[in-house]
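Features reported for this protein in TrEMBL:
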type	residues	note
COMPBIAS	681-696	compositional bias 'Polar residues'
DOMAIN	7-133	domain 'CSC1/OSCA1-like N-terminal transmembrane'
DOMAIN	135-294	domain 'CSC1/OSCA1-like cytosolic'
DOMAIN	305-577	domain 'CSC1/OSCA1-like 7TM region'
REGION	675-704	region 'Disordered'
TRANSMEM	7-28	transmembrane segment
TRANSMEM	101-125	transmembrane segment
TRANSMEM	307-331	transmembrane segment
TRANSMEM	351-378	transmembrane segment
TRANSMEM	399-418	transmembrane segment
TRANSMEM	507-536	transmembrane segment
TRANSMEM	557-579	transmembrane segment
TRANSMEM	585-603	transmembrane segment
Amino acid sequence: MATIGDIGVSAGFNVLMAIAFLLAFAFLRLQPINDRVYFPKWYLRGMRDNPIFSGASVQKFVNLDGRSYLKFLNWMPAALKMPQDELINHAGLDSVVYLRIYLTGLKIFVPITILAFAVLVPVNWTNDALESMKVLVRNIPPDPDESISELVEHFFLVNHPDHYLRHQVVYNANKLADLVEKKKKMRNWFDFYRYKYERNPSERPTTKTGFLGCFGSKVDAIDYYKSEIEKIGKEEAEERKKIMKDPNSVVPAAFVSFRSRWGAAVCAQTQQTRNPTVWLTEWAPEPRDVYWNNLSIPFVSLTARRLIVAVAFFFLNFFYVIPIAMVQSLANLEGIEKALPFLKPLIEIPFIKSFIQGFLPGIALKIFLIVLPTILMFMSKFEGLISQSSLERRSASKYYIFLFFNVFLGSVITGSALEQLKAYIHMSANEIPRIIGVSIPMKATFFITYVMVDGWAGIAGEILRIKALVLFHLKNFFLVKTEKDREEAMDPGSICFDSSEPRIQLYFLLGLVYAAVTPFLLPFILVFFGFAYVVYRHQIINVYNQQYESGAQFWPSVHGRIITALIVSQLLLLGLLSTKGFEESTPVLLVLPVLTFWFYKYCKHRYEPAFVRNPLQEAMRKDTLERAREPTFDLKAYLSNTYLHPVFKGDDADDKYSVVDDDAWMEEEVIVPTKRHSRRTTPAQSKQDVSETLSLPETVHEER
């Protein structure tokens with residue numbers, strides 16, 4: 001168990017690291033050559049000029065204004081000045097609500113810390129103990145007489161005649177997307193060697209055709225990559241034509257547009273047929289949020305995929321106990337000395353001893369957790385979720401469960417079990433709560449070191465952006481030739497909800513559990529919440545370019561995990577009190593987790609629908625206001641190609657591959673007569689205008 005001196009050594013290391021990172025950031029952000037690394041968001045929006053192209057030759061790269069260095073900390077107040085409404089418009093609701101998590105932590109732990117240090121510390125010291133008009137429809141039943149596009153059009157013209165506007169069928173373009181990505185990589189290598197040749201025309205660059213350019217025959221690099229691009233381009237064109245002509249490329253799903261928010265809300269929030277397994281509707285994620293690869297997964301296989309992932313996640317949790325136990329062994333000097341007796345003289349040196357117990361366990365645990373978010377994201381993608389936001393929320397849930405069982409409970413139980421293995425084997429079941437109650441305070445010093453490594457030095461490293469800084473200058477030196485190249489070299493990144501949000505929840509859990517057990521942990525957590533709030537506010541304003549907007553749908557999960565942490569802290573407090581001779585008071589305290597759970601259920605049923613449903617009254621109000629303000633608004637043109645697969649857009653999609661007949665879809669549509677007979681009763685056509693669909697690539701024409 002680490003001592004106060006060990007914690008002091010750890011605090012010294014981490015404070016020095018954090019200060020070094022902050023000073024490096026304060027210096028590097030002032031240099032013109034790094035402007036695109038630390039302010040990429042403003043460049044992407046065209047609101048910041050490039051300082052590299054102005055001034056003297058030295059000033060293009062180095063800031064020679066001495067007065068600016070006197071204000072090297074002005075980024076902190078600048079990050080706090082932007083009002084919330086402006087911040088929402090600038091960064092999006094998701095980013096602002098993410099910052100609200102840190103404020104929630106401060107609002108919870110500031111009063112708890114004051115109370116703990118005013119009451120509990122003296123007691124312990126004396127040893128007294130989105131708005132949307134789009135709907136996604138999935139699991140469309142096959143029909144031998146109609147294509148998916150015709151079937152979708154007929155179904156919605158019949159069942160939503162007054163509000164249906166158009167639709168876009170979904171195509172399985174995963175292979176085409178792979179070809180486009182492969183072509184892009186080849187083009188990058190082609191540009192690299194072409195620029196290299198332009199710098200040194202006396203020598204033609206060469207490369208090897210084998211694995212990673214290290215094996216195979218040596219060829220002219222420019223000619224080789226040019227031929228590869230042409231070859232892949234032909235494959236891409238063939239695959240594009242195949243997708244357009246092959247009916248099997250159409251996935252039984254479609255994005256359906258409506259004339260009004262009210263109509264979309266009715267469709268998304270109601271059952272469409274008597275058979276509850278077909279024509280399944282849900283709110284469509286915004287176009288940037290769609291994860292196109294998973295739309296081609298058959299709907300019937302999703303349950304099996306989720307079962308496979310659940311089993312795999314269980315075993316991942318189980319086997320990760322091994323590295324967690326290794327981390328805990330680092331904090332046990334006696335165990336290290338027994339396993340490696342030749343290290344005993346070195347370990348007994350006071351500074352080395354303090355370093356091992358106060359710093360090494362925290363950094364080792366952080367290293368073991370680095371690869372985990374990538375594994376969990378892969379598992380979430382395998383489940384078949386269709387949006388980036390849902391993937392990150394599901395991955396965050398897995399990560400939180402993992403942190404709870406392996407990092408929190410694993411660190412407490414594994415550590416005590418290693419130290420008292422024989423006692424656990426021979427003790428009765430009634431003694432286990434007492435042992436756990438004793439082991440929780442013993443692990444407080446380990447969690448203090450982890451908070452300092454991950455929450456102090458880690459956050460300071462986040463603002464320094466070492467990886468982005470190095471990659472930008474490498475790309476800028478080797479690849480950048482035009483302004484567009486320089487823009488593509490920037491990597492602003494975004495908030496990684498799948499890894500950052502569960503980490504915050506771990507700090508909520510630690511703070512609530514140790515508030516009554518070891519209040520000295522609370523100041524370290526308070527520093528994390530305050531420091532992280534300022535840093536992430538700066539990053540959201542100046543750096544991160546969020547790829548999608550989900551309308552803060554992750555907030556109910558945040559609320560649920562805070563309540564879970566509160567219940568866990570209450571249960572563990574009961575176990576701790578039972579070890580301190582207060583068994584009489586524990587039955588009275590049992591009501592606390594019951595009331596807390598009741599409060600959670602009340603909030604869930606009362607407020608969670610606001611995050612997943614669109615009230616019809618609000619939808620109608622917005623529709624009415626929109627019609628009054630913009631009576632001539634062309635909704636069809638606005639929704640044109642909104643949910644078109646990215647491989648059909650941009651530079652790679654030439655005009656000859658255009659899959660939309662603009663003149664056709666601008667005409668008014670009537671109910672399409674079906675080729676089937678006596679399969680459903682078709683009501684009379686509505687007198688209100690209804691619009692035809694946008695079918696990709698086919699357009700369903702009227703039969704008059």
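Sequential numbering from 1, following the chain as shown.
Yeah, the Cβs are placed from backbone N, Cα and C, and that goes for glycine too.
Caution: TrEMBL annotation is automatic and unverified by curators.
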Distal contacts, the transmembrane segment (507-536) - CB-CB under 8 A, six or more residues away: 76, 79-80, 98-99, 102-103, 105-106, 108-110, 112-113, 116-117, 120-121, 124, 404, 408, 440-441, 444, 447-448, 451-452, 455-456, 459-460, 462-463, 495, 561-562, 564-566, 568-569, 572-573, 576
Segment-level pLDDT (mean, integer) for the domain 'CSC1/OSCA1-like cytosolic' (135-294): 85
Beyond the flanks of the transmembrane segment (585-603) by at least 6 residues, Cβ under 8 Å: 559-560, 563, 566-567, 570-571, 573-574, 577-578
